[in-house]
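This report concerns only the one structure given below.
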Amino acid sequence: MASNILTQIFGSRNDRLLKTYRKIVDRINALETQYEQLGDDELRAKTQEFKNRVAAGEALDAILPEAFAVVREGSKRVMKMRHFDVQMLGGISLHNGKISEMRTGEGKTLTATLPVYLNALTGKGVHVVTVNDYLASRDARWMGKLYNFLGLTVGINLPNMSREEKQAAYNADITYGTNNEYGFDYLRDNMVYEVGDRVQRGLNYAIVDEVDSILIDEARTPLIISGQAEDHTEMYLAMNKVVPLLTRQEGEADPRTGEGVTKPGDFTIDEKTRQVFLTEQGHESAERILFNLGLIAESATLYDPANISLMHHLYAALRANLLYHRDQHYVVQDGEVVIVDEFTGRLMSGRRWSDGLHQAVEAKEGVQIQAENQTLASITFQNYFRLYGKLAGMTGTADTEAYEFQEIYGLETTVIPPNRVSRRDDQLDRVYKTTREKYEAAIKDIRECYERGQPVLVGTTSIENSEIIDQLLEKEKLPHQVLNAKQHAREADIVAQAGRLKVITIATNMAGRGTDIVLGGNLEKLIEAVEADESMDTAAKEAEIARLRARWSEEHEQVKALGGLRIIATERHESRRIDNQLRGRSGRQGDPGSSRFYLSLDDPLMRIFAGDRVKAIMERLKMPDGEAIEAGIVTRSIESAQRKVEARNFDIRKQLLEYDDVANDQRKVIYQQRNDIMDAGSLQAQIESLREGCFTDLTRQYVPAESVEEQWDIAGLEKVLLEEWQISLPLAGELESATAITDEDILEKVIAAANVAFADKVEKIGQENFTQFERLVLLQSIDTHWREHLSALDYLRQGIHLRGYAQKQPKQEYKREAFELFGQLLDSVKNEVTKVLMTVKIQSGEQLEQAAEEMENRAESISNVTYTAPTETGEAETRVDEDTLRRVSLASGIAVPRVGRNDPCPCGSGKKYKLCHGRLN
C-alpha cells in the first residue's frame, strides 16, 4: 500500500528513466532543422568527425544527441522513414545497456540503428543478434543501406561461411548474425592452432533482438560442439524392443505409505518434467528381458557398474517411445528424423537431440541410426553474453521476465510507451469440456470472420494442431493458408499478406516472427515485385505502383472498419509471454484488432496445472455440452498456472547457470592459457615452469620433502630418470662423496639435469624453430585433456543429485569435485607436455618440421563436427556441419584433406608450400 502511494507521488523507476530520456530527445529534436540543411556528403562527414572525437577521448554519451540526429536524418533520406520520439527513447535505453520493451509494430529494427551507429564509432565492433538467419540477412541488407550511406561497413555472420568470410564480417563496423553462430564462433576461436584462424575480434557491444527468446527460452540448453563417439546401433535397436514389453503404472505411490497405485506397472511418466521413471517392478522386468536378449548375465542388475550404459540407452528408448511423438516433436523425411521447433513449428533440418535421444527415436522409426557425440567445447548463453563489455536487448514482451533479466544478466527493463495507443480488444478465454467442442467453437468464429471479410490469424502450439485446424477448414470449404514447418521458406511472405480481406492464416505459434502483419497486406512487398519486373518500363512501373497504393489504401480502410486482424488461439502456451506475442501480432501502431483463446480441459496446460479447478466450476454450474465458461476467474486461474510453469523454468535455468559457473571459471582459465600460448613470441618460461613442476613431482615420489636419507630411494629415482626420461644422473655416487646433502639438493640436481638435457635438444635445432613445435604440443595436450574434463564434468553433473541422500549439499560437492578434477587436468597437461618435449627424438630442423606437420595433421583430422544448440523450446538440437572442419582443430577421426608444408604449392609455382603461399600463414 505504502509502495503504491510513493509510486503515485514520485513515479515508478520506469517513469523517472523515461523523464530523463525525454530531455535528451528534446536536444535531438532541436538539431533536426539544422541537419536537414546539410548535403549528403556533409551528413556523411559527421561520422568521421564523431570517430575523431571518440578517439580523442570524448564520451559516447556526449555525442549521443548529435549522432542520433544524424541517423534520423540519414533514415529520412535513405529509408524514407523518420524515427519517432518513442524510438529515440528506445535507442537511448539500448545505448545505456538496458532492455527496451517495445510493442509489435513499433519499429524495433529501425530503433536499433541509433545505438548501433553510436557504438560503432568506437571502431571496436557492434554485434546485432537475431533469432534466425533469415532475419539476420534481411536486417543487414535493409538497414545496411542506412549504415553504408553514413559511411559505416556492415557484415553478415552466417553458418557454413569460410574463415575469410567470417573474418570480413567481424571486421566490419557492424555485424549481424544469430546467437548460436556468435557463440559457436567464440568456441571455435578457442580451438584453433593459429592466431590467424580466429574470426572474432573481441566482444564489445551486443544488441539482442527478441531478447526474451534468446536469453530466456533458449538459456536452458548450452551450446555444444561435439564429435562422433563409439557406435551403439545394436544397443538402440535392442532397447527399442524392450519398451513395448513394459507396462505403465497407473496412480502415484505415496512415498510414506506406498499406497495410491491403482494398477502396478513398470514405469511412470512425469509430463511436467518430460521424464520417464522405472519402478522397482520395472527394473526387474527390464533385467529379465535384457537377460533373454543376451545383454546382461543372469544374476546381473541394471545398477552394476558394467551396465550403467544400458541404463542410459534404456531411458533414452523410454523417452523416445513415450514422450516424443511423430508430427508433433519431429517428422520423418527421406529416411531421416527431423526435429520440429515446438515454438515456431519450423523443421530444424540437420539438427539432432543429444544424450542418445535422437538415436533412440531413429530406432523407434526404423530409419538409419547415426552415431552419438562427444563434447569438445561448450558454453551457456548466460555465460557467453556476459562476456560482452555492454549488452542490451529489445522485445515486445520483456516485462513478465524483468526479474530474471535483472537477476541473471544484470539487465534492467525499460517499458517504452507506444507511438499510438493500442485499440486491440483482448477478449476473455472460452473454456470447453472437450477438444471437439473447442475446435467447433473456433471454426464457427473463423467462419463468421470470413463471411464479413475480416482477416484471421489462427495460432496453434504444434504442427499436429495446425493440421487439425487445416482439415476442419477444408471440410468447411473455407480457403486458408497454413504456415508451419513444412513450408517455412515462404513464411515471411505469407505472414506479410495475412492482413488482407478474407485471408485466413494458420500459424504454429511464432512462425514468421519479425515480419509485421499490415492491415490490407504488405504494400512494400508488392512494390518490390513491380520494381524488380524487367519487362516494364519506368512509366509503366510508376502507374502500376500508383494503382497498387490506391487499391491498398482502400483495402486498408475496409479491414480497419471490419475490426482489424482477428487472433484466434486454440491453446494456451506454458509462458504468458508467448501468448502475449501472439496477441501482439494484432493492433499494431494503433490499428484496431481483437483476440480470443479457445481452450478445453484436455489441453496439456489445463490438464496438468489448472484442469481440476475449472472442471469443478463447470460441474457446479452444470454446464451443458457445447457451452463454454467465459469468466475472469477462469482466465486468472490459467494465468496462475502459467506463472507456476514460468517459475519452474526459471529455477531450471538458474540451476543450470549455478553449475555452469563452475565450468565457466575453469573455461576462462583454459581459454586464457590457450590465447597466451598462441600470442606469445617465446614459450620458454611456460615450458620451464611445467618441466620444473613435473620433475619436482617425480623426485618427491622417491625423495619426500623434509625427509632424511634413510627414507630416500635413490636407486629407484636413477632408474626412472634413465629409462623413462633418458637422463643419466649418478646420484648414488654423489651421495657417497658428499659430506652433507639434503632432499632440496637432490631436487635441484634433478631439475638442473633435466634443464641441461632439454637445452641440448633445443640447441641442435635452434630455439626459434623449436617454439612452434612447443606451441603445438601444448595446445594439443590442453585440448585433449579439456575434452576429457568436459566429459568428466558431464558425468559428475548427472549423478551429483544423489549426494543429497547422504545429507550432502550437491552443489557444494559438485564445486569441490570439479575443482579436484581441474587440478588433475592441469597435472596431466604438465606431465604430458614435459614427457613429449623431453623424449621426442629430433636431430635436425627437417625432422622438427616433419614432427610439427604430423602433429598438425593429427590436430586437424576429424570425421565429423556437430553443433548442438537450443531453439525457443529449450530442447537441445544438433546440426552436422562439414564446411567448417578446416577451421576447427580437433584430434581423432578421418583426415580432412590439407596441404603439407613440404608438399608442392597448389598455386602451380613448383615451389614447396612452405616457401610459397605457406609463408602467408
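Using N, Cα and C of the backbone, Cβ positions are placed for all residues, glycine too.
What Swiss-Prot annotates here:
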- Gln87, Gly105, Glu106, Gly107, Lys108, Thr109, Asp516: ATP binding site (BINDING)
- Cys905, Cys907, Cys916, His917: Zn(2+) binding site (BINDING)
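Features as recorded by Swiss-Prot, highlighted on the structure.
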residue	record	contacts (Cβ under 8 Å, 6+ apart)
Gln87	ATP binding site	Met102, Glu106, Gly107, Leu110, Thr111, Leu114, Asn419
Gly105	ATP binding site	Asp516, Gly584, Arg588, Gln589, Asp591
Lys108	ATP binding site	Gly90, Ser100, Met102, Asp209, Met394, Thr395, Gly396
Thr109	ATP binding site	Asp139, Trp142, Met143, Asp209
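Look at Gly107 (ATP binding site): DSSP puts it in coil. The Cβ of Glu106 (ATP binding site) has 25 other Cβ atoms within 10 Å, all protein chains considered. Residue pairs drawn from Gln87, Gly105, Glu106, Gly107, Lys108, Thr109, Asp516, the listed ATP binders, are separated by up to 17 Å at the Cα level. According to DSSP, Asp516 (ATP binding site) sits in a coil region rather than a helix or strand.
The ATP site, placed at the center of the C-beta atoms of Gln87, Gly105, Glu106, Gly107, Lys108, Thr109, Asp516, has further neighbours from the same chain whose C-beta lies within 8 angstroms: Met102, Thr104, Leu110, Thr111.
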